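A short write-up of the structure that comes next.
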Amino acid sequence: MFEIKKICCIGAGYVGGPTCSVIAHMCPEIRVTVVDVNESRINAWNSPTLPIYEPGLKEVVESCRGKNLFFSTNIDDAIREADLVFISVLSNPEFLAEGTAIKDLKNPDRVLIGGDETPEGQRAVQALCAVYEHWVPREKILTTNTWSSELSKLAANAFLAQRISSINSISALCEATGADVEEVATAIGMDQRIGNKFLKASVGFGGSCFQKDVLNLVYLCEALNLPEVARYWQQVIDMNDYQRRRFASRIIDSLFNTVTDKKIAILGFAFKKDTGDTRESSSIYISKYLMDEGAHLHIYDPKVPREQIVVDLSHPGVSEDDQVTRLVTISKDPYEACDGAHAVVICTEWDMFKELDYERIHKKMLKPAFIFDGRRVLDGLHDELQAIGFQIETIGKKVSSKRIPYAASGEIPKFSLQDPPNKKPKV
């Protein structure tokens, strides 16, 4: 069988960089070169400060960079010398979860390899199997035809996104009835036919994969004249959009039906904890809806650079004209973000937000002081926070026993819970 000695990966992003770094780490006899047209990104991979944050990635890269792992912009030579070429690992669908990508790569549930059902295609499949067999048990390596491989990737993410939208739909019902969505999730998750994974209600899913893959599935179904199937999967996206709008509307309603010129602290901008990735983050959409209502946002995230937040919020379809300049401030720490705020909105489940000195925060906030927990990270602190004086609003549960009354103005927010949000144009 043909033995692979040199691998080239085209694309040094969130998938190609970590995946090929782990391959180099686990296969020291194979030379792995990751190439990209983005020179600044390649320079970052060759520097002490990697272009992406992922727990354990820095240690993996530093253990083999310059030995059998290389990052380069010389794409032609890398392809010419390679025995195997990954194009952002699309020939070998990845099932990584950001925040646990290195663990997932070192100990995967499965590795899926799809190839043509020709002698040449099968030889290529077996050669790639041999690479993974350096550290992955053979029974965890699945081989299929190319269509099965690619559709498995789309279906896996669609099923996961579906579970999140399902529990988020129940969270709305819980808020209306007095149930607690966490208790409901625990009860149904103990059913072995259902299981307890991906039953965490929140302000909505984000990241590069879930929405993209569900929409790819919708497009595929429409192209193949399966409109009923397309509408079924489109509803997963629609429910996610609804959950974001519903949460933003709840903030506005609680703050006496207006957030115009009010300071709102946004804690967390990454789409989930333990990553600096902001792609399709719910924080972007919550920020958009609040900016549209004239709120002044003070945003803090421990891993997302200021420049990335500004770029995301300045994107056409998110903000207009000088909205970001006028309404957005990037804070260097959470206490600065909360100083003088009318409300604190938790959009990312960073562990550090459980450890903050909320008594200190409350003293510096305007009163009444609100906390809107979009990730249920403060569940164990509700009694303590209420004793301090906070009004608590969270996903899927009624918390505040003594809600401060207000007279509704009769004005309707500028966005509708029924209308879809503006989609960011593809660039």
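Heads up, the Cβ atoms here are built off N, Cα and C, so glycines get one too.
Pulled from TrEMBL, these are the features on record:
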BINDING   Gly11, Ala12, Gly13, Tyr14, Val15, Gly16, Asp36, Arg41, Glu98, Cys209, Phe210, Gln211, Lys212, Arg279  NAD(+) binding site
BINDING   94-98, 153-157, Arg193, 200-206, 271-272, Arg375  substrate binding site
ACT_SITE  Cys209  active site, nucleophile
DOMAIN    265-380  domain 'UDP-glucose/GDP-mannose dehydrogenase C-terminal'
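If you check the binding-site residues Ala97, Leu154, Asn157, Ala201, Gly204, Phe271 against Phe210 (NAD(+) binding site), the ones with a Cα inside 10 Å of its Cα are Leu154, Asn157. Contacts of Phe271 (substrate binding site) defined by a Cβ separation under 8 A and a same-chain sequence distance of 6+ are given as Glu98, Phe205, Gly206, Gly207, Asp277, Thr278, Arg279, Glu280, Ser281, Ser282, Ser283, Thr348, in order along the sequence. Sequence-distant contacts of Leu154 (substrate binding site), defined by Cβ-Cβ distance under 8 angstroms and a gap of at least six in the same chain, are Asp213, Val214, Asn216, Leu217, Leu220. Distances between the Cα of Val15 (NAD(+) binding site) and those of the recorded positions Asn157, Ala201, Cys209 are shortest for Cys209. Here the binding-site residues are Asp36, Glu98; the one with the fewest Cβ atoms within 10 Å of its Cβ is Asp36. Summarised as a single figure, the pLDDT of the domain 'UDP-glucose/GDP-mannose dehydrogenase C-terminal' (265-380) averages 97.
Put simply, Ala201 (substrate binding site) is 33 Å from Gly11 (NAD(+) binding site) when counted between their Cα atoms. Looking at Lys212 (NAD(+) binding site) and Ala201 (substrate binding site), their Cα atoms lie 21 Å from each other. Remark: of the binding-site residues Gly11, Gly13, Gly204, the most isolated position is Gly13 (fewest other Cβ atoms within 10 Å of its Cβ).
Per Cα geometry, Ala97 is the residue among the binding-site residues Ala97, Asn157, Gly204 nearest to Gly13 (NAD(+) binding site). The Cβ of Ala201 (substrate binding site) lies under 8 Å from the Cβ of Ile167, Asn168, Ile170, Ser171, Val181, Glu182, Ala185, Arg376, Ile395, Gly396, each of which sits 6+ residues away along the same chain.
Neighbours of Phe210 (NAD(+) binding site), defined as other CB atoms within 10 A of its CB across all chains, total 23.
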